[in-house]
Amino acid sequence: DVIVVDGGGDTSRALVGEIMKAIAESRGVAGFVIDGAIRDTDAFAGSDFPCYARAATPRGPFKTGPGVINGPVSVGGWTVSPGDVVVGDADGVVTFPPALAPRLIEAVRAQSAREAEVLALIQAGRYDG
């Protein structure tokens with residue numbers, strides 16, 4: 001599972017840090033997607049635990065306030081529901097319902113093949129687009 005947190009884009013306080021990362025890792029969590037800030041970035045940078053966040057700050061979180069566990073959240077204008085597939089890389093994060101996976105995999109493979117063809121033409125000096 002990936003923990004996805006709707007922090008409303010607020011970067012004034014960290015929503016997770018090294019301790020929350022350690023707890024999550026010990027419980028088998030695969031990573032974080034945070035619509036807000038994190039802290040203790042060295043702990044994330046030196047590990048294989050992926051974390052995507054808007055910003056970093058040294059300021060810790062508030063310990064009180066509303067929250068929902070295992071419910072839909074909005075991150076960057078995108079709704080993420082429990083059970084959604086979450087995939088991230090250096091370019092960002094995408095999410096989708098598992099039922100869409102076969103169709104999306106097919107579309108991504110087709111797009112990758114098209115891009116590989118264009119890059120091959122460019123490298124061969126034969127691209128005219």
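Glycine is no exception: its Cβ is also placed from the backbone N, Cα and C atoms.
TrEMBL annotations:
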BINDING   Gly17, Glu18, Ile19, Met20, Arg39  substrate binding site
BINDING   Asp40  Mg(2+) binding site
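Contacts of Gly17 (substrate binding site) defined by a Cβ separation under 8 A and a same-chain sequence distance of 6+ are given as Ile38, Arg39, Asp40, Ala43, Gly60, in order along the sequence. Taking each of the binding-site residues Glu18, Asp40 in turn and counting other Cβ atoms within 10 Å of its Cβ gives the largest count for Asp40.
With a 10 A radius on its CB, Met20 (substrate binding site) counts 19 other CB atoms from all the protein chains.
Other than Gly17, Glu18, Ile19, Met20, Arg39, the residues of this chain whose Cβ falls within 8 Å of the Cβ centroid of the substrate site are, in sequence order, Ala14, Val16, Lys21, Ala22, Ile38, Asp40, Ala43.
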